[in-house]
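Everything on this sheet refers to the single structure shown next.
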Amino acid sequence: MEGIGFNEWRHVFKLDPDKELTDEELDAVCMSGTDAIMVGGSSGVTYENTVDLMSRIRRYEVPCVLEVSSLDAAVPGFDGYLVPMVLNTDKPEWLIGHHIEGIKEYGSFIPWDKTAAEGYIILNADATAAKLTEANTNLDAADVAARVRLAARLLKLPIVYLEYSGRFGDMELVKRAAAAAGGARVFYGGGIDSAEKARQAAEVVHTVVVGNIVYADLQKALATVAAVKENAAV
Ligand SMILES: CC(C)=CCC/C(C)=C/CC/C(C)=C/CC/C(C)=C/CC/C(C)=C/CC/C(C)=C/CC/C(C)=C/COP(=O)(O)OP(=O)(O)O
Ligand SMILES: O=P(O)(O)OC[C@@H](O)CO
Ligand SMILES: [Mg+2]
């Protein structure tokens, strides 16, 4: 197994340091049977709120990784670091720019054996991440599949992340995109607010990421774990 273990993950909860969870709610998330907790968000993520959330999750055995979205919040002590590289923006800072700055800033402190890139394709124009990165979300299935091949086959990125944050995606398009991913692990996230949607996503990708519903309806969020795990691995 590689350093972080993401090739074994079927279900992941993404927790936002900028949002509140009580100890009881966090306990339910960490004990849910999910394969990992990803800490991340596209706005309002600070060093302080990231340390705070990490140290609360650390009381549990579940693997906990940071999805690095801000240089100010590169907190040591996570089990791993996932670094988004946006493949559908014309703004190079969101593909490599912040990354180069980060490498210059943190240098030998970067735990490379626990760090992996995610080739991000952002497909919901209304998502904060789409607005921030000025992502070109006007892509058809062939446009998406070409970016997946670029990520997986040419750049050999270990993860391709099909990101619909805030909205459930087009599962036909996601299925076609995933089929182009070769050896890369395909993550899907966006709008999963029920066991049924979790099941649909689990049928077409390797790893299903569940975010906002944790804060909106925790019981529905928890039900996604079994729905994903009951599905045979893709
Ligand atoms: C020293 C040490 C411990 C280092 C660890 C960190 C590390 C490994 C650094 C290496 C250097 C490096 C490569 C740094 C990269 C820095 C960086 C800022 C890269 C840019 C990442 C990026 C493209 C961000 C854009 C936004 C984005 C795609 C975020 C991903 C997360 C996401 C989409 C969350 C959803 O957000 P949410 O708030 O839920 O959104 P909604 O409102 O839509 O719900
Ligand atoms: O918050 P939701 O819409 O579940 O999306 C999950 C994740 O892909 C966000 O980065
Ligand atoms: Mg969110």
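We number each residue from 1, going along the chain as drawn.
Just so you know, glycine gets a Cβ as well, placed from its N, Cα and C.
Note that the structure is predicted; figures quoted are calculated from it, not measured.
Over in TrEMBL, the protein carries these features:
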{"type": "BINDING", "residues": "LYS14, TYR161, LEU162, GLU163, TYR164, SER165, GLY166, GLY191, GLY211, ASN212", "note": "sn-glycerol 1-phosphate binding site"}
{"type": "BINDING", "residues": "ASP16, SER42", "note": "Mg(2+) binding site"}
Pairwise Cα distance maximum in Å, sn-glycerol 1-phosphate-binding residues per record: LYS14, TYR161, LEU162, GLU163, TYR164, SER165, GLY166, GLY191, GLY211, ASN212: 17
What same-chain residues, at least 6 away in sequence, bring their CB to under 8 Å of the CB of GLY166 (sn-glycerol 1-phosphate binding site)? ASN124, ASP126, ALA127, THR128, GLY190, GLY191, ASN212
In sequence order, those binding-site residues of SER42, LEU162, TYR164 whose CB lies under 6 Å from ligand 1: SER42
In sequence order, those binding-site residues of LYS14, LEU162, TYR164, GLY166, GLY211 whose CB lies under 6 Å from ligand 2: LYS14, GLY166, GLY211
Counting across all protein chains, other CB atoms within 10 angstroms of the CB of SER42 (Mg(2+) binding site) number 21
Cα within 10 Å of ASP16 (Mg(2+) binding site) is the criterion; apply it to the binding-site residues LEU162, TYR164, GLY211 and give the hits in sequence order. GLY211
DSSP-derived class (H/G/I helix, E/B strand, else coil) of LEU162 (sn-glycerol 1-phosphate binding site): strand
To see if you understand the setup: which same-chain residues, six or more apart in sequence, place their Cβ under 8 Å from that of GLY211 (sn-glycerol 1-phosphate binding site)? PHE13, LYS14, LEU15, ASP16, SER165, GLY189, ILE192
Between the C-alpha atoms of TYR164 (sn-glycerol 1-phosphate binding site) and SER42 (Mg(2+) binding site), the distance in angstrom, to the nearest integer, is 13
Quick one: pull the CA-CA distance for SER42 (Mg(2+) binding site) versus LEU162 (sn-glycerol 1-phosphate binding site), whole Å only. 15
When the number of other CB atoms within 10 A of each residue's CB is tallied over all shown chains, which of the binding-site residues LYS14, ASP16, LEU162, TYR164 has the maximum? LEU162
Cβ under 6 Å from an atom of ligand 3: which of these binding-site residues qualify? The list is LYS14, SER42, GLY211. GLY211
Three-state secondary structure of SER42 (Mg(2+) binding site) from DSSP? coil
